[in-house]
Amino acid sequence: MKAKRIVFKVGTSSLTNADGSLSRAKVKEITRQLALLHEAGHELILVSSGAIAAGFSSLGFKKRPTKVVDKQASAAVGQGLLLEEYTTNLLLKQIISAQILLTQDDFADKRRYKNAHQALSVLLNRGAIPVINENDSVAIEELKVGDNDTLSAQVAAMVQADLLVLLTDVDGLYTANPSTNPDARRLEKIEKISSELIDIAGGAGTSNGTGGMLTKIKAATLATMSGVPVYICSSLKTDALLEAAEETKDGSLFLAQEKGLKTQKQWLAFYAKSQGEIYVDQGAADALRNKGKSLLVSGLVSVSGSFAYQDTVTVYEEGSGAILGKGRVRFGELALKDMLKSNKPKGVVIHRDDWISLTPELNDLFAEF
């Protein structure tokens with residue numbers, strides 16, 4: 001066994017029939033494989049789409065709805081039906097399942113993040129399989145493209161998983177679209193997610209799902225930066241989950257960073273909302289970018305926005321305007337403006353423990369989080 005704690009993300013296209021409705025046969029097959037992995041000693045979390053697919057026909061819709069309010073209503077009905085399918089099938093294998101519905105706020109708010117982490121830890125320690133989904137009935141923003149790709153990466157980072165598996169209807173990341181380009185080549189191992197790789201991903205997904213390959217690259221970036229390797233592979237083949245757990249089926253493996261971001265750094269990079277901007281001189285920029293130093297008041301050039309002690313701000317280099325990163329400040333903007341007027345400004349504005357460096361590509365990639 002190569003992994004002990006695995007997060008599987010199963011998308012809508014991997015759970016539905018041709019008409020967009022939930023396929024009970026596909027759910028049963030997924031739970032069969034989960035049960036075998038569970039018996040082998042793996043700790044498992046399933047991030048599952050499919051609530052809308054499970055519920056829309058019960059409300060009289062002839063096909064999967066497109067309006068947000070109709071999606072929300074369908075998800076409200078379908079979430080219970082979807083969980084019932086998972087619960088019934090897993091109970092036949094004497095395995096307890098548990099439902100957890102999350103929104104972005106559960107990650108952005110530190111207290112709620114801690115509560116979610118503790119609940120998941122207890123469930124895993126007790127041998128249950130948490131089944132996680134976006135709370136689609138209330139979380140409008142989470143109905144955007146790629147929500148559960150992102151969610152699975154956030155969960156994998158939260159529980160410090162050994163592997164995140166993104167199951168989809170294609171068998172990995174290609175150099176081009178394999179359905180239109182016969183010369184497209186699958187990338188089997190990715191050591192670093194570059195801007196070129198992001199450009200390759202492009203595109204959107206199928207009509208039933210909401211996740212394209214670009215959203216999976218975002219998810220892979222978040223997870224690998226947090227120390228979790230990611231495997232993208234097809235769910236269409238027999239024993240897809242079993243083979244993915246061993247990384248033996250065709251797919252694309254994204255290697256984790258050797259030193260994954262700790263929880264505080266993850267929060268700064270992916271969830272903390274910036275309340276202001278600080279511009280620094282070249283010396284301070286070099287200290288932040290290349291030397292791992294704290295930001296001192298003496299390096300400040302200008303301050304804008306409205307922020308207080310412990311708020312998060314974005315820091316830029318004066319002149320070039322290049323983003324340097326984000327951090328939690330030790331002074332509010334009014335105090336900093338007063339310090340800038342001083343002849344000899346002193347003090348630490350952002351300690352290096354409260355700082356995360358960001359490239360322009362990473363900042364753009366996570367702008368929607």
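FYI, residue positions are counted from 1 along the chain as it appears here.
Note: Cβ is positioned from N, Cα and C throughout, glycine not excepted.
Source: prediction; values computed, not measured.
The ATP binding site annotation in Swiss-Prot covers Lys9, Thr168, Asp169, Thr210, Gly211, Gly212, Met213, Leu214, Thr215, Lys216. Secondary structure at Met213 (ATP binding site), as computed by DSSP, is helix. Met213 (ATP binding site) has a Cβ environment of 24 other Cβ atoms inside 10 Å.
Using a 10 Å Cβ-Cβ cutoff, Asn148 (substrate binding site) registers 27 neighbours. Annotation comment: Swiss-Prot describes Ser49, Asp136, Asn148 as substrate binding site, evidence class sequence analysis.
The domain 'PUA' annotation in Swiss-Prot covers 275-355 and rests on sequence analysis.
DSSP assigns Asn148 (substrate binding site) to a helical segment in the three-state reduction. For the recorded site, Lys9 (ATP binding site), the DSSP three-state label reads strand. According to DSSP, Ser49 (substrate binding site) sits in a coil region rather than a helix or strand.
Distance between Cα atoms for Asp169 (ATP binding site) and Ser49 (substrate binding site): 14 Å, as a whole number.
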